[in-house]
Amino acid sequence: MFTSIVAKRAFSTATKQKSTKVTVLGAAGGIGQPLSLLLKRNSQVNHLSVYDIVNAPGVAADLSHINTNAVRNPLGAPPMGESFDLPARSLSVTGHGPENNGLETALEGSDIVVIPAGIPRKPDMTRDDLFSTNASIVRDLATAIAKYALQLKHSPKAHVLIISNPVNSTVPIVAEVLKLHGVFDPKRLFGVTSLDVIRASRFVSELKDTDGSKTKITVVGGHSGVTIVPLLSQSSHSFTEDEIKALTHRIQFGGDEVVKAKNGTGSATLSMAFAGAKFANALISAASGKKTVTEPTYVQSPLFADEGIEFFASNVDLGPNGVEKIHGLGELSPYEESLIAAAIPELRDNIEKGKKFVA
């Protein structure tokens with residue numbers, strides 16, 4: 001009798017809850033494949049939808065053989081004072097290409113859309129070279145998101161995560177496209193800058209012989225070169241002046257290490273996938289009701305709006321509706337103030353370039 005009551009209660013609770021669908025656009029690429037693999041491991045994802053212009057069905061078939069499960073009721077909880085185990089079910093993985101309205105099907109009903117699509121950076125490639133190709137890709141995908149993932153009949157509350165570089169410009173591109181379609185919500189658009197923080201934590205832990213996963217370094221600004229500003233003065237470690245300058249440069253240009261090491265065959269794909277999954281998983285947790293979820297991300301921000309900087313990366317509290325609170329920078333050292341001063345004009349140009357591309 002008791003078992004039957006619990007089972008009925010569990011079924012009743014589960015049926016009231018909404019599944020979590022995550023869509024990856026560019027899922028067959030160097031970032032998209034490992035990113036999709038990591039998202040497949042999240043038990044709160046009930047439907048993983050992967051899209052690319054080629055090979056997405058193959059990626060989906062490969063992922064579907066992995067024996068990870070999704071909980072039936074990721075957003076729910078048993079009544080106060082009671083507990084029970086909810087049965088798990090297999091996570092649904094679907095692969096979509098351009099044919100047969102595949103992009104629409106991939107996006108329909110999505111709770112989170114992640115975009116790693118685009119070409120990787122190569123040695124001697126300028127930012128203009130990268131922008132000229134990826135801007136068009138991101139613009140077209142943003143248009144599809146506006147039509148198929150953010151219209152009322154589909155999923156008006158989808159969160160959109162941008163990985164495609166140059167993030168400083170591609171996030172404004174997506175914002176402008178969504179504005180044109182009347183579906184822009186600044187709380188639900190994110191530039192993924194987690195890799196800058198992950199690199200900073202790793203590089204500092206190497207220097208100080210600490211656990212990188214527990215080393216907290218705040219990184220603000222943007223997501224390329226001098227716009228990346230690590231706030232080393234706010235860490236629990238002390239550094240010499242030479243260490244600060246060396247670490248800052250390595251954090252700002254860490255991507256170059258990977259590009260050079262890969263000898264023209266690609267850029268940071270595995271570490272970027274790790275960073276993208278980390279942010280997506282944090283957002284999923286926040287959407288499910290977990291409290292105090294704080295992550296670095298590039299969003300529409302008031303921090304430097306009076307200087308014409310519409311988007312800025314800083315620590316942000318996440319919640320069911322996306323951005324809940326944008327943290328200030330805190331106390332800065334004179335050196336960090338100079339880094340911010342150098343970042344502002346570059347960031348302003350990057351943002352304006354993205355906006356003009358859509359205008």
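Glycine too: its Cβ is placed from the backbone N, Cα and C atoms.
All annotation found in TrEMBL is predicted automatically rather than curated by experts.
Residues or ranges marked as active site, proton acceptor in TrEMBL: HIS223.
Cβ environment of GLY30 (NAD(+) binding site): PRO120, GLY266, SER267, THR269 lie under 8 Å away, each six or more residues apart in the same chain. According to TrEMBL, the NAD(+) binding site annotation covers GLY26, ALA27, ALA28, GLY29, GLY30, ILE31, GLY32, ASP52, ASN134, ILE163, SER164, ASN165, MET272.
Listed in sequence order, ARG250, ILE251, GLY254, SER271 are the same-chain residues six or more apart from ARG199 (substrate binding site) with CB atoms under 8 A from its CB. Residues annotated as substrate binding site in TrEMBL: ARG121, ARG127, ASN165, ARG199.
What TrEMBL records for 20-72 (among others) is domain 'Lactate/malate dehydrogenase N-terminal'. Remark: secondary structure over the domain 'Lactate/malate dehydrogenase N-terminal' (20-72) totals 18 helix, 13 strand, 22 coil, with classes taken from DSSP.
DSSP labels the residues of the domain 'Lactate/malate dehydrogenase N-terminal' (81-191) in these numbers: 48 helix, 19 strand, 44 coil. As annotated by TrEMBL, domain 'Lactate/malate dehydrogenase N-terminal' applies to 81-191 (among others).
Residues or ranges marked as domain 'Lactate/malate dehydrogenase C-terminal' by TrEMBL: 193-358.
A simple way to gauge crowding: the CB of ARG127 (substrate binding site) has 16 other CB atoms within 10 angstroms, across all the protein chains here.
Checked against ASN134 (NAD(+) binding site) by C-alpha proximity, the recorded positions ARG121, ASN165, HIS223 yield ASN165 as the nearest.
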